[in-house]
Amino acid sequence: MEGKKKYITAEELKKHNKPGDLWISIQGKVYNVSDWAKEHPGGEIPLLNLAGQDVTDAFIAYHPGTAWKYLDKLFTGYYLQDFQVSDVSKDYRRLVTEFSKMGMFETKGHVAFYSLASVAVMFAIVLYGVLRCDSVWAHLGAAMVLGMLWIQSTYVGHDSGHYQVMSSRGYNRLAQIITGNCLTGISIAWWKWTHNAHHIACNSLDYDPDLQHIPFFAVSSRFFNSLTSCFYGRKLNFDPLARFLISYQHLTFYPVMCVARVNLYLQTLLLLFSNRRVPDRAFNIMGILVFWTWFPLLLSYLPNWPERFMFVLTSFAVTSIQHIQFCLNHFSANVYVGPPNGNDWFEKQTSGTLDIACSSWMDWFFGGLQFQLEHHLFPRLPRCQLRKVSPVVKDLCKKHNLPYRSLSFWDANVSTIKTLRTAAMQARDISNTAPKNLLWEAVNTHG
C-alpha cells in the first residue's frame, strides 16, 4: 500500500497558494480547500495566509477533535514527501493531547455565567445612576461602571468567539451578538475577521492587522518603507502626516487610547456596509442598531451637553485600560515581515507575545488575556485553565530556548512606551526616510 501512495514535495505544495488554487497539508496529507475556503468558519484569511504549507500546528490549536472528520472530502490523494515534525511541534502536540484527555478544553467553569451576571448588574447600576440620580458625581460613577461593563462584555464576546461558552452553538452566537454588537457597539463579525488574522500571523507587520495603525502608531521603523498591508489590501503610506504623528507617538499613546473606541465603531460600520462577505450580516447590523438606540437614548437623559460629553469621555477612558492591555501584549514583542510560516508556528507565537504578571484575584480584570502566550498557543482553552497551564508552557519554552516574557502591568507599559519612543526618534530623522539595518533592531528586534 505504501508504494501506491502519491507524493508531492513542499516546493510543489507552495505553488498552490492563491484564491482558487489553495492547498494545505495537515500531518502530511494534502487537502484542496480552494472552494471550501469561503465556507471556513474562521474566514478565508487564515487559510490564505497559510496557503501552500503544512498547517498541522495551527489546525490542532484552533479545531476540536470533531473537525478531523470533515477533512476527508477535501483530501487530494497526495501526501507530503518531505514531511517532517520539529521537536518543539512534537512537544506542543503532546501537550494538546494531554490537555484534551484531561478534559481541560471542555471544563469552562462558571466564568461566562458570572461575567454575564456582572454585566447585567453593572448595566442596572448605569441605568439607575443616569435615570434616578441628579448628582453629577453619580453620573460620573455611572460612566465609569459603563466602561467596566464594556470591558467585561468584550471578554465574554472574545471567549465565545474562540470556544463555545453556552450550551449550544445557537446560544453561543446569541451571546456574541448581545455582548459584542448590542452592548458594546462593536461587531462580532469585524472582531472575528481581524482577530483570526491576528492569531495566525501574530506580529507580522504586513499580515497582522493589530499592528497596522499608520498614521498614528508604528512599532517598527520598517513601517517607514510604506509597507503594503496584506490584510487590508492597501499601502500603509508613511507620508509627512504619519511622520509627524509617529514622531510623538510615545506622548500621544494614552490620549489616543482614551478615544480608540471611535475607530472601532468606524471599522465596524465600514465592514458591515462593505461589499465583503460578512457572516450573519443582518444579525450584526440589527445588534449595532440596538446599541445605537439605547446608548444615545441613555445620554439624552443627562441634563446638559457638558455632562453628556463628560459621560462619554469617562466611559471611553475607563475602557481604554483594555485597549492598552491589548497593545502591551504585542507592541514591545518581536516582529517580522512576511506571511506566517506553518513550520515555526509555535516559535512565532512565543516570539510575538508578552504576558502580564498579576495575582489570581486580578484574572477577572484582565479576562485571562494576561496569559497572552498561553492563549495564543491554546486559543480553545477556557480562560479558567490558562493559569494552570502557564508553568507547563514556561517549562516548554525553557526546554527549547524560546522566549517566555512575563512583566508586571507597570513594566509592560514601560516596555511599550520605550518601543514607541525608539520608533518616534527614528521617525524624526528627516534625512533618513527609510532606516535600515538599525543597531537597535539588530540587537533587540524591538522587544
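Yeah, the Cβs are placed from backbone N, Cα and C, and that goes for glycine too.
Heads up, TrEMBL stuff is auto-annotated, nobody curated it.
In TrEMBL this protein carries:
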type: DOMAIN; residues: 5-89; note: domain 'Cytochrome b5 heme-binding'
type: TRANSMEM; residues: 111-130; note: transmembrane segment
type: TRANSMEM; residues: 136-153; note: transmembrane segment
type: TRANSMEM; residues: 174-193; note: transmembrane segment
type: TRANSMEM; residues: 253-273; note: transmembrane segment
type: TRANSMEM; residues: 285-302; note: transmembrane segment
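Within the same chain, residues 126-127, 130-131, 139, 177-178, 180-185, 187-188, 268-269, 272, 308, 311-312 sit at least 6 positions outside the transmembrane segment (285-302) and bring their C-beta atoms closer than 8 Å to a C-beta of that stretch. Same-chain residues lying 6 or more positions outside the transmembrane segment (111-130) and placing a CB less than 8 Å from one of its CB atoms are 138-139, 141-142, 145-146, 148-149, 152-153, 155-156, 159-160, 165-166, 175, 179, 183, 298, 301-302, 311, 364, 382-384. Across the domain 'Cytochrome b5 heme-binding' (5-89), DSSP classifies residues as 33 helix, 22 strand, 30 coil. Across the domain 'Cytochrome b5 heme-binding' (5-89), the model assigns an average pLDDT of 91.
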